[in-house]
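Taking it in order: structure first as structure tokens, then the write-up.
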Amino acid sequence: MGKAASAKKVLERVPISKPPFEYNDLKKAVPPHCFSRPLSRSLYFLFHDIIVTCILFYVASNYIHMLPRFLSCIVWPVYWISQGVFLGRLWMIGHECGHHSFSNYRWVDDTVGFLIHTATLTPYFSFKYSHRNHHAHTNSMEYDEVHIPKRKSEALYFEFLGNNPIGLMITMLCKLTFGYAAYIMFNYTGKKHKSGGLASHFYPQSPLFNDSERNHVLFSDIGICIVLYACYRIVTVTGAMPAFYVYGIPWVIMSAILFAATYLQHTHPSIPHYDTTEWNWLRGALSTIDRDLGFFNMNKTHYHVIHHLFPVIPEYHAQEATEAIKPILGQYYKYDGTPFLKALWREMKECIYVESDEGQKKQGIYWFKNKT
């Protein structure tokens, strides 16, 4: 198959008819050992990433500034990207903990997840609770939690104004730099809550949470405050610029990776969104897409369909589990191997809003479009 034909096939829409299989059919196809999550194996991956992260921090803190200026201008960006990737890998382990896919012990998962996410300035329990709602309502126009597309009827002046090479570049840079932080702080790309109030992951009274979760949200905030205070103390000793170089920029890289990965997993011309007249859980879970984000080297970013179907499966079993269900999924499974930056550019250009097709009998099914 030629490149043009292959690119066209990637953009073919997934079926919207009722799947010829049930959820239990998929579960039976997954090898039972894929659901096992031995603590020893999970700890191996955790300590591996912690050790690499600490080595990178140590080298950056003690040696890069000693290099000649022309050489440090090369080494610093290499460090920023490498450390950003490994911070992202650690963040993903914390995300695994929130799904109880790190070990068989929930208290272990919550302890590890809290420590990791707090170190990466993510309120663990707050994100765990909102992310649970995302998995419960994936690709629902009304109830999903993140990356909810705009309808054509909504204000789109800014989106259309920026749909040109310069505008797209500015939009991409802004979203990659600030998108993740804006989501955590202000629920950017999240759903609109009818009850009002500040929809922030840092606000215990936020409509994102119910009453039984608010104390855990406060506990997460305390953890973040401790880390921020530690950062402040480090800055008073080392100065702002060294701290920004060693931790700040890698954190921005991590944030960009997380925003881009989740955006690409839920944004594609071939993937539909549904309103309440058409949505059901299986439809939503199947409306995700597997991508090859090789630079991240984390299976949860590659195999996202299986993650939404069975979030308890640990990332090191995700590939095997995916291969087991692909024959059953058939055309309902979507994979796009388009290179990362090319895919990000295409999706930001082509996926501006969603609307139902003209003449479509079922008006509750929405597809990405970009026509004015």
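In case you wondered, yes, glycine gets a Cβ from its N, Cα and C as well.
Among the ranges 131-135, 356-360, the one that Swiss-Prot lists as motif 'Histidine box-2' is 131-135. Annotated by Swiss-Prot as motif 'Histidine box-3', the relevant range among 119-123, 214-218, 304-308 is 304-308. Two recorded stretches are said to be in contact when at least 3 C-beta pairs lie under 8 angstroms, sequence spacing 6 or more; the transmembrane segment (166-186) and the transmembrane segment (44-64) fall short of this definition. DSSP places the residues of the motif 'Histidine box-3' (304-308) in helix, strand and coil in these numbers: 5 helix, 0 strand, 0 coil.
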